[in-house]
Amino acid sequence: MSSVEELTQLFSQVGFEDKKVKEIVKNKKVSDSLYKLIKETPSDYQWNKSTRALVHNLASFVKGTDLPKSELIVNGIINGDLKTSLQVDAAFKYVKANGEASTKMGMNENSGVGIEITEDQVRNYVMQYIQENKERILTERYKLVPGIFADVKNLKELKWADPRSFKPIIDQEVLKLLGPKDERDLIKKKTKNNEKKKTNSAKKSSDNSASSGPKRTMFNEGFLGDLHKVGENPQAYPELMKEHLEVTGGKVRTRFPPEPNGYLHIGHSKAIMVNFGYAKYHNGTCYLRFDDTNPEKEAPEYFESIKRMVSWLGFKPWKITYSSDYFDELYRLAEVLIKNGKAYVCHCTAEEIKRGRGIKEDGTPGGERYACKHRDQSIEQNLQEFRDMRDGKYKPGEAILRMKQDLNSPSPQMWDLIAYRVLNAPHPRTGTKWRIYPTYDFTHCLVDSMENITHSLCTTEFYLSRESYEWLCDQVHVFRPAQREYGRLNITGTVLSKRKIAQLVDEKFVRGWDDPRLFTLEAIRRRGVPPGAILSFINTLGVTTSTTNIQVVRFESAVRKYLEDTTPRLMFVLDPVEVVVDNLSDDYEELATIPYRPGTPEFGERTVPFTNKFYIERSDFSENVDDKEFFRLTPNQPVGLIKVSHTVSFKSLEKDEAGKIIRIHVNYDNKVEEGSKPKKPKTYIQWVPISSKYNSPLRVTETRVYNQLFKSENPSSHPEGFLKDINPESEVVYKESVMEHNFGDVVKNSPWVVDSVKNSEFYVEEDKDSKEVCRFQAMRVGYFTLDKESTTSKVILNRIVSLKDATSK
């Protein structure tokens with residue numbers, strides 16, 4: 001990784017302005033990629049504004065990852081073949097998908113190289129579009145211009161055209177049709193109340209800005225705010241601190257050390273954020289260290305999953321290391337411990353060790369503790385037997401290396417812990433080199449020391465381990481990191497243990513370890529929960545020394561709030577019934593313009609055609625005319641359709657032989673007496689049009705509505721076992737759901753990153769190619785995302801969370 005000075009110098013050399021350079025170097029992933037891409041160009045290449053922008057664009061796509069054949073794209077840019085950001089995007093996707101097999105010809109074909117669209121051609125398509133939508137434009141006038149731009153931009157015939165030519169042409173042609181703007185195009189003035197709110201809001205903002213002190217976060221208050229500064233943790237050998245500070249430069253250094261023996265769960269997200277976030281807040285560094293000391297339970301899939309989840313949460317390790325990297329040094333220190341008279345080889349059985357530690361036959365502590373018969377063997381004998389363990393002369397269980405601590409201590413962590421055991425298992429990284437493996441209690445503190453960790457942050461279950469942690473470092477004369485403990489995060493109403501989740505998977509109660517009803521991080525991601533929502537949630541909880549037990553509903557509430565601010569809206573019908581408007585012709589079309597997120601113009605808007613046939617929710621119609629609490633469609637009560645000019649009124653029903661409603665006939669109440677206003681309905685409902693012209697509706701293969709997996713808050717307490725507590729309605733699958741055709745735009749633009757989202761405190765840049773980033777609010781139904789099993793011909797949706805309030809009126 002290049003230094004900031006090197007990055008700044010190179011970016012300035014190719015012509016980026018100082019302000020832009022400062023902006024670029026703030027993003028390490030993008031700046032590192034940009035540096036490498038520039039280095040792939042000839043040293044005498046004459047950069048211009050366009051090529052700088054396009055290569056910067058490419059760097060933002062690469063963002064720190066390895067991209068084989070990236071030189072194909074760079075050469076395409078500097079040779080003038082790739083002229084637009086759209087072409088660069090297409091070229092990037094092609095090279096990313098094909099890797100080393102990528103060719104210049106293949107890239108050019110996939111990115112529109114050589115396709116020239118003239119300004120006259122653009123104008124012809126714009127004029128054609130305006131003619132086709134003339135009535136709507138005449139009605140809605142200039143406020144429709146942004147929508148025209150969006151629609152023209154999406155015309156397949158103009159895919160490779162320069163979008164910079166669109167706006168001036170659209171402006172010219174709209175002006176020809178409508179003439180200059182007049183009073184019809186003026187934006188209505190805000191009311192006095194709105195102005196007052198604005199003033200109060202500005203005052204409040206000003207007051208907040210004026211308040212002294214840094215912004216409050218989980219990293220500068222509570223447990224984390226009270227942590228020691230680098231260099232303040234005491235040492236048995238003060239000279240070691242001097243060496244430590246020289247290595248670290250006085251900066252914070254933390255680590256996240258998972259065991260690669262399973263998938264991470266929601267509790268680990270807090271550990272990830274605490275360790276990576278604390279280091280980042282203090283401009284320090286954080287390791288991702290795999291504690292791979294038990295080869296019998298480790299598997300490559302766990303290593304990869306852990307890396308994915310750390311990256312998904314928005315963190316990049318300073319270095320990825322493995323405890324196995326240090327096996328040679330750990331072995332050397334074990335011999336040092338023996339030579340110092342502080343370790344011995346023990347041949348006791350597991351039961352004998354328990355009795356020596358005062359564990360009674362019924363498993364309870366409190367019995368008399370006594371020394372093992374091997375404890376006072378000579379140093380020479382212990383050293384020889386330990387080497388025999390290393391050389392495979394003992395079978396598993398026949399010999400262990402134990403630390404000689406203090407059996408009179410009240411802490412179980414000082415009762416001669418095991419340091420090494422014999423395991424005849426090949427290691428994923430070291431193969432068959434070792435027949436003995438260090439334990440967590442021996443490895444953890446020493447590797448922390450080797451990596452010069454300044455703050456060894458772990459959960460309170462390891463509180464007693466602090467004494468043995470410090471004891472071992474001191475006995476082998478190494479730097480002693482400071483272990484500090486915070487409360488773990490638990491979610492009630494579910495299970496997090498690997499054994500129980502494995503049982504759920506093996507017995508087919510769930511689809512797999514990433515089933516959206518589980519709380520593994522893989523499952524939460526598949527369900528569609530944004531990583532930013534998790535970080536925001538953890539920040540809200542803060543960090544203390546108390547264990548945090550959170551109900552699922554509270555977690556979902558936090559996710560819902562995050563989604564509310566960051567997702568577009570679409571009309572979607574879960575359980576559809578067809579509606580036919582009898583007083584409208586088959587070719588009737590009324591275009592409704594609907595914002596993707598009301599109140600946030602930057603999300604844009606879309607057009608939905610109202611025709612003489614559409615779908616509504618089956619539950620939005622009731623034959624009961626006496627229910628005064630039901631505000632939707634009934635035989636004697638009209639209902640409004642979202643963004644449609646008039647209400648619809650019931651006319652008749654069609655039912656099948658079983659009595660199920662298959663079609664509702666209505667009238668469109670568009671005949672209003674002159675001088676009168678349309679009658680306002682009691683409520684509005686969502687609808688999805690039936691229109692072959694617009695390829696509507698989009699039919700959903702499966703809509704999976706997820707509820708809590710278990711019926712109680714503590715499944716493990718069920719007298720017949722946790723499996724008996726499973727909620728039979730935890731997954732409800734709908735096979736006939738429909739939604740508006742604009743879902744295609746949502747997929748194309750996902751993740752939906754507008755400025756208000758990108759500038760939020762916990763925004764995390766996500767992989768555009770992952771299906772779960774395609775999130776949206778199904779109006780009046782819930783929040784949904786694409787499931788990983790979806791294909792171009794098969795749409796499968798997962799419900800992330802429900803809306804706040806169930807629709808009851």
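One-based numbering along the chain as shown.
Note: Cβ is positioned from N, Cα and C throughout, glycine not excepted.
Residue with Swiss-Prot feature phosphoserine, selected from SER378, SER712, SER770, SER790: SER378. Note on Swiss-Prot: of 115-125, 126-136, 258-268, the range annotated with the feature motif ''HIGH' region' is 258-268. Check Swiss-Prot against the ranges 50-54, 240-244, 495-499 and you find motif ''KMSKS' region' recorded for 495-499. Using Cα positions, the member of the recorded positions LYS270, SER378, THR459 nearest to ASP291 (L-glutamine binding site) is identified as THR459.
Geometry remark: LYS270 (ATP binding site) versus TYR440 (L-glutamine binding site), CA distance 21 Å. Cα-Cα distance from SER378 (phosphoserine) to ASN261 (ATP binding site): 37 Å (rounded to the nearest whole number). In the three-state DSSP scheme, LYS270 (ATP binding site) falls into the helix class. If you average pLDDT over the motif ''HIGH' region' (258-268) in this model, you get 95. Most other Cβ atoms within 10 A: among the binding-site residues HIS268, LYS270, that distinction falls to LYS270.
Recorded residues ILE266 (ATP binding site) and TYR440 (L-glutamine binding site) have their alpha carbons 22 Å apart, per Cα-Cα distance. TYR440 (L-glutamine binding site) and HIS268 (ATP binding site) are 18 Å apart (CA-CA, integer value).
Under the DSSP three-state reduction, THR459 (ATP binding site) is assigned to strand.
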